[in-house]
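Quick look at what TrEMBL annotates:
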type   : residues : note
DOMAIN : 53-88    : domain 'EF-hand'
DOMAIN : 89-124   : domain 'EF-hand'
DOMAIN : 143-178  : domain 'EF-hand'
DOMAIN : 181-216  : domain 'EF-hand'
């Protein structure tokens with residue numbers, strides 16, 4: 001019974017964090033993004049090489065905080081990283097973030113999940129500004145994270161902070177009829193993002209899928 005209660009508590013905390021992300025994304029949509037410059041899927045694909053090169057620069061930061069060099073960041077290493085960002089969180093908050101970003105349940109945050117973590121931090125916190133690493137490095141990547149968020153909003157047609165299959169198919173097939181994607185490709189893209197197979201894609205799941213799309217490998 002105790003294990004079940006603990007599991008339910010973790011799920012509730014994860015849902016709470018997810019709602020905060022959705023709320024923040026909707027707020028950003030209202031206050032930051034007006035008419036998007038994105039016109040079609042093709043314009044997004046053309047940006048993939050830029051995303052890959054910029055995000056790969058985070059590998060050195062990841063290795064710095066992967067103190068035991070086992071290819072993943074554990075909770076104590078995450079705590080050190082967050083402290084260096086001057087994000088002073090309670091132990092349970094750090095554990096919640098860790099569980100939320102450990103998308104594949106491997107008990108460690110791998111490089112692609114680390115990028116997801118950083119983008120979520122960018123969305124949820126005030127802009128980072130400092131001459132000290134790692135804050136300075138993340139501040140320089142703010143524009144990249146904003147571009148990824150803009151792509152998510154381009155898919156999020158109804159503006160509720162999450163995607164459904166209709167959102168994705170509409171975006172891929174209606175933004176430019178000349179670039180209409182075959183139905184099986186569109187469905188495969190949605191399945192790749194819908195990590196928990198519940199028919200909806202959260203920003204966290206979108207990030208995880210997007211990082212795979214642009215070709216960043218865990219062990220690269």
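In case you wondered, yes, glycine gets a Cβ from its N, Cα and C as well.
Keep in mind that what you see is a predicted model, and the values were worked out from it rather than measured.
The DSSP breakdown of the domain 'EF-hand' (53-88) into helical (H, G, I), extended (E, B) and coil residues amounts to 21 helix, 1 strand, 14 coil. Counting residues of the domain 'EF-hand' (143-178) by DSSP class, helix then strand then coil, yields 25 helix, 2 strand, 9 coil.
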